[in-house]
Amino acid sequence: MGTVLDSHFLALTAIVTVGYQLLFFIVTALLRFDKVTDFAGSTNFIIIAILTLALKGAWHFRQIVLTVLVVIWGLRLGLFLLMRILQWGEDRRFDKMRDNLGKLAVFWIFQAVWVWSVSLPVTVVNASDRNPSIEARDIIGWIMWLVGICIEATADQQKLAFKNSASNRGRWCDVGVWKYSRHPNYFGELFLWWGVFVASTPVLSGAEWFVILGPIFLTLLLLFVSGIPLLESSADKRYGQLEEYRVYKNTTSPLIPIPTAVYGALPAWFKLAFLLELPLYNPGPGGDPIS
């Protein structure tokens, strides 16, 4: 069907993303209804993937596979988050935003940037005329996606079940995959999106390699901004005085799933250098979770 606005659909997907997120921002701001925020983000990925695939009209096997992977991820995450927030009743992230239009706008801007940038590998692949034979990088990327979504989905379901049990009130989730990582859902999300990037590389040429900025942006966002730092700070405030929690935090990897016996025995410098146990997550004296 040709191209729209630019040969890689970058302007088109930016316009669609801004428009879609603006619509939900208006709904949230006017109706003070924040139950659809995560749903708006995940479904935006689906729209971009399907739209670029259909507009290009090439229907190469690699394009179809990557589009299907994004759609599966978006539907799974979007429906899970929507059902969860409808069950819980409110999104605590917005407690300080509902009456502050500026802060609310910043959130939606970040969400739009997140959607557009992380979608870059699929956007560029779907816009490409190149169709090299399937190779090892494709398979590796697809396997990474499969491992990542399995870990993310498992972690989400295990934590939801844990939180829904009255006997676990006042406790942090340390069951299932949460025994081996303090944030296994984030590990799964990062792993699957890096897998999408790896699977896109056989098509990339020249400046198109800039799509690596997508998974890099997601990694920086979860490691340093809105992901792990916020949850670590919240957990420290709630449980930091408990010795059992301190033991859990000291023996459990922040991101990469590792047996606690192994992680607990590793030196602090190794955890920092290779396993992302950043000082940001342990702001207290001597790396203590309490500041």
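Each residue, glycine too, has its Cβ placed from N, Cα and C.
Listed in TrEMBL:
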TRANSMEM  12-32  transmembrane segment
TRANSMEM  39-58  transmembrane segment
TRANSMEM  64-83  transmembrane segment
TRANSMEM  104-127  transmembrane segment
TRANSMEM  186-204  transmembrane segment
TRANSMEM  210-231  transmembrane segment
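Long-range contacts of the transmembrane segment (39-58) within the same chain: residues 1-4, 9, 12-13, 16-17, 20-21, 24, 64, 66-67, 70-71, 73-75, 77-78, 81-82, 111, 114-116, 118-119, 122-123, 126-129, 131, each at least 6 residues beyond the stretch ends and with a Cβ under 8 Å from a Cβ of the stretch. Within its own chain, the transmembrane segment (64-83) has Cβ neighbours under 8 Å at 35-36, 38-39, 41-43, 45-46, 48-50, 52-53, 119, 121-122, 125-126, 138, 142, 145, 149, 152-153, 156, 160, 192, 196, 199-200, counting only residues six or more beyond its boundaries.
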